[in-house]
Structure formats: C-alpha cells, structure tokens
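Pulled from Swiss-Prot:
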SIGNAL    1-22  signal peptide
TOPO_DOM  23-627  topological domain 'Extracellular'
CARBOHYD  N94  N-linked glycosylation site
CARBOHYD  N172  N-linked glycosylation site
CARBOHYD  N305  N-linked glycosylation site
CARBOHYD  N389  N-linked glycosylation site
CARBOHYD  N451  N-linked glycosylation site
CARBOHYD  N475  N-linked glycosylation site
CARBOHYD  N550  N-linked glycosylation site
CARBOHYD  N553  N-linked glycosylation site
CARBOHYD  N600  N-linked glycosylation site
TRANSMEM  628-648  transmembrane segment
TOPO_DOM  649-659  topological domain 'Cytoplasmic'
Amino acid sequence: MKIKNYFIIVFIIIVLSTDVISSQSSIEDKMYTSLNSYPCTRIMTLNGQIGCSSSHGGDSGILYLIDSDESYHNYFSYNQQKDIIVVFDSNYFNKTLVLEMYSKKKMNGALVLTDIGKTYPYSPEDQYPIKQFGLYPDSNLNWNPNGDGFTYMNFPFPMFALELKTSIIIRNLSTINRDGKYPAYGAELDSFMQGAINAETCLRRGFCEPVGGQSIWSSFSEVIDQSKPIILVMLPIDATAFFRDLATGTDQSGYALTVLLSMLNTLQGVDKTKWDKEVIFAMWNSERWGYVGSTNFVNDLLNFNCTSLDSNNQNSCSSPPMLDLTFEQIKFENIYAIIEFNQIGRPVNSGKKTPNKLDIYNLVFHPNGGAGANQLMDVFSQSTQSYENSTIQFQKTTQNELPPCSSMSFIKEINKKSAPNFIGTLVITDHDYQYNNPYFGDEQDNSGNINTTTSTLFDMVQVFSKSIDLLAGGNGTVKVDDLFIREINVCLTQSITCNWVTKLMSTFPYNPIPNFYSGVYGVSPVNHITPIETRFIFRMATYLTQHRTNATNCTSDNDCDTSSSICVNKVCLYSNTHYHNAISLAFSFDNSKSSWTIVNTSYPVFVESNWDYTTVRLFQVGSYANEIWFLVSGLIELLLSVGIIFYIKKYLSKRYKLL
C-alpha cells in the first residue's frame, strides 16, 4: 500500500511540475517583449578593457528618455525609486553626457534610438585614429577633429542600439514614463561578457578570441610573373562603430570598395597582353585595430618560412599553419608602386562646373616616395584631364605626413633598411587634412553620409581604371559598366541582400545592413570565423578576375579543386584570388594548450570577449498602489492554496487512507 501511495505522490508531483514549467514559460512570454537590438560588446586590451557588459543575468530598470536639454537636466532630480535604463535620443549619446550621467546618478543601462540621426558631427574614435601603430606615433596632427575616444572607454553596464521601428516604439513608451502615466515601462538588458581583467587573463581563461579576420588579394594573372614590377592597388576593408553590428563604414571603406570592385569589372575587359607590370588588388582586414591585415601580409612576404608542407595540399603549410601559400609568388622587392584609396566618398565641391554644367569635386593626393609618387600623380591627373566632362579633379595635399592609412605598413618596412628602395606611394582621399567624414567610426557613417552623385562615382571608376591600365602598360582605353556600379554600390553601402549576393552566395545574411566590423579571427590558426561580407567580396573578386571555368555540375566550393575557385551555378570559376590571415603579430597559437597567447606587445593587442547571447526585453510596471494590491492578492491566494492543500490531504487521509 505504501508503494502505491508513493507512485501516486510522484505522479502528482510530475504533473504539477510540468504544469508549472509550462505556466512559467507562458507567463514569461506575456510579461516580456523581446526587442531588435545591437549590443555594445567588450574588448580586452593589454592593460584593461573597453566596451560594455551587463551583470550576470542582466540589468533592468524604468525607461527614462533623454531627448532635450530639459529632460537631461531633470534626470539628475528624477525621484524614481527604481533603477533606471536611460533611453538616449542619438543627439544626446556621446562620451561627455554619458560619463556625467553615470558619475552623478545610478544608471543600470542605456538604449540608443536610431530613428533620428545626430544633427551635429560626431565620432567616438580618437582624434588621430590608432596613432601609436602608425608611421608617426609622435604626430601632433588631429585628422579626426570630431573624435572624443568614446569607443575606448569601459562601462560596467549594458548599452544597446535599437533598430529603426523599435526606436519609434520605445521613444513613445518612454515619453509615457516621463509624463508620470501608468502602466510605466521598463526594460531588461542582458549582454553579460565572459571576459574580464585584460587580454592576457582573458585568453588564458579561454573567454576571448583575437580581433582579426581575412584580408583578400587578387590578380588577373593566373600566376604572378616574378620578373615584372608590381603595382599594388589597395584599401582597408573594415570599419568600426561603437555598436559594432552597425559598422557600415560607408565613407571609411564601403564607397572605396565599390570603386575597387567596379575597377575589376572594368579592367577585366581591357587587353592585358601589353601589360609589362603585375597589378595586384588588395583589401586589408582589421586595419582599424592597428593596421593588422597589411602588417601581417608584409611580415609574411619577408619572413614566412614553411618547414613542413601539408601532405594533402602542396600549396598549404602545416608548420607553421598557413592554408594558402600563393602569396609567396609576390616578392616585396618587386613592389614598384602602391596606390591606396582611403575615404573617398565625400569629395569637396570645387566650385567649378564641367562643360555640361555638372559640379566638379576635389580628390586629394597624399604622396610618398619621391619621383615614383610624382609619376603616379601625373598619370592620374592626365587621366581625368582626358575626359572633357569629368566631375573629379585632383589636388596635392598641404600636409607633410600621410593620413592614417594601410600604406604605412609597407613604408615602415622600407624605412628599416639602411639603403631604402623607395616605393612610389600615393594615397587618394577626399580630404586634405582633417577628415571630411563627420561620422568617422560612428553608426551614422552610412549610405546617407557619402556623395550620392552617380556621375562622380562613375568618373572615379573610369579615371582610376584608366590610370591603372596606363601604369601597367596598356593604352588606357576602358569602358565602365554603369549598371554594375549602381548594383554593387547598393550591396556595399545599403543592403547586403542585393542580387549579386543571391547570385554568388549559398547563404543569406541575417542582417541586411552591411557590417564591416572585422570580428574575431577564430579559435585557431586554421579555424577562421569569416563574416558574410568578407566572403561576398572574396567571391565577387574571384568572379571578376576568373581566368578559366569548368562545368563540373558542382554543388559547393568543395567540389572545385583549389582554394581560389568557387562554384557558381554548377560551374567552377578559377581565379588568382586568395584570403590572407589578418591577425596581429602580437599573438601566437599554443598547440599544447589549444589557445592564443601574447608573445610581442609592440604590436596591437585587442581580443573580444565571448558571450552566450544578448537580449533586450520590454516589460510593464504598475503603480505603487497596484503593486501593493498584487502583493496582498498574492498572499491571500497563497494562504487559500495552502488551506485547500491541507484540507484535501486531511480528507484523503481520512477517507481513502492515501496520505
């Protein structure tokens, strides 16, 4: 009888437990509404940490909107007894205001609205971005005058940006709170970052990965002819933003990337049999974190030594690990010229007009390398002058220093030599000295932050392509494809869900907003984490520089027989296009511990914390009187439930001897 009673009790407990779990999930779904959001994450440095993190389990509070000077000043006398989640209109989200608010009154977290953009120039980057890793670490120039260094601050509370539609809703609900109406609204912000202390500690504990990615280089030549000089046409591919999922970086990188890929499309149609120079197009990753991609490439050109080839792939090295050795075709001493496009999306109106009454815009030459650089400037100037209605013209900078640029990685290596062989270097920008980009490193460096005059974009592609063809030995006869330029511009500056992505990619992006934050390198030297934007650019470059095809009925790239080939519509496309590791030389992989370690602190040290998930959830809060009523009601319900249970127990025990 006792055993029977035991099973009955167990059965009742299981039924009640299942019901409680189901009810708990149902109640939670009714209490909370998840919001589309973009977190501020945490990055560890050599000496500490930057970015944001919530407490374990998240932080919550009542929403308080800051959208005017009055609401900002009222915040400090706000009598709300509960914790506060500050909702920032974008105009009030900057380093000065956030630090003042946090230092004077408890702030449990922050939500930033994106429905209305800033009405003033602002950059969360430094005034001289990554100066310590460049060519002039002691420079007094401030290239980025709107910068306040907000990105490099550390905050012990969570911050999220909200997507457009969500921002409109939260703005309205926060206004209800401020007006003192009920029900009030609160939010729970959960972005707990596992990393802590500094980069060394975080790596040792296994809670971080190095910031990095994959650079891309490409050539029309099937094999690099080592007897020919090399023209290196390049740009930084990555961008930054305080909320890294919103790092569109249209003027930082996206516009120039549009130009470079359009140049590949243009130059694929020219007669390259007359070229007496090799032309290599390179797109460096993780440049915004200390010129990581370009520095790594230069170091590998000069110092990489494979001691053991991969037995299954003679173009891959097993020790030290290197998946693709094709870069060994490139000799550093063969580099004849470097041409870099760096922030070219906001050229200044010169005040002049073309014969057909179009505005003419100025691009700026930043030369280095004496006579070689002068030759490059001459060719580009002659190319634009050869077009009667060209809407771009060039002027030479008034500065003696190069702006922050990837070319510095090559020049630093040249300067180490006792008898340097100067490489003619030309950096082309939209600014002479201080950036024309008012939102460098900010979420508002988007498609609305660039020159939208299509004729200027077309003319850049035409003039740049003609110049490269002439420098390589061609006759300068080029024809641009206006439709391709328009389409690829949309892909890289507005929506990564364009037709070219559909054609070339087997996967589709979760977020349509182009995001050029480099991300993390990966868990080991051969296990990379490559974002869809980087993969798309690689496939686009491969498609545009293909030198042969093979109809194999392939279903994936694995069905094609080289790492520089891709499968498109059941056809393998072969190209001399390759990934190259973009990871700081500060790191080395310890195989015995299966973890990254810091081996050279003279190079950039940035590692990103791991996290399980991030979320923002909205909930309602009743008035004080309502909360008291719910508490009393709950206690009454509890007492009644306990009484009923005791009565049933007594009844069953007496009547059926069950308990």
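Heads up, the Cβ atoms here are built off N, Cα and C, so glycines get one too.
Taking the Cα of N550 (N-linked glycosylation site) as the reference point, the closest of the glycosylation sites N172, N389, N475, N600 is N475. Contacts of N553 (N-linked glycosylation site) defined by a Cβ separation under 8 A and a same-chain sequence distance of 6+ are given as K570, in order along the sequence. Ranked by how many other Cβ atoms sit within 10 Å of their Cβ, the glycosylation sites N172, N305, N389, N475, N600 place N305 at the bottom. One residue stands out among the glycosylation sites N451, N550 for having the most other Cβ atoms within 10 Å of its Cβ: N451. For N94 (N-linked glycosylation site), other Cβ atoms within 10 Å of its Cβ number 19. As a whole-number mean, the pLDDT of the topological domain 'Cytoplasmic' (649-659) in this prediction is 66. Here the candidates are the glycosylation sites N94, N389, N475. The one whose C-alpha lies nearest to that of N600 (N-linked glycosylation site) is N94. The glycosylation sites shown are N94, N172, N305, N389, N475; of these, the one with its CA atom nearest the CA of N451 (N-linked glycosylation site) is N389. Cα to Cα, N94 (N-linked glycosylation site) and N172 (N-linked glycosylation site) are separated by 22 Å.
Here nothing among the glycosylation sites N172, N305, N475 falls inside 10 Å of the CA of N389 (N-linked glycosylation site).
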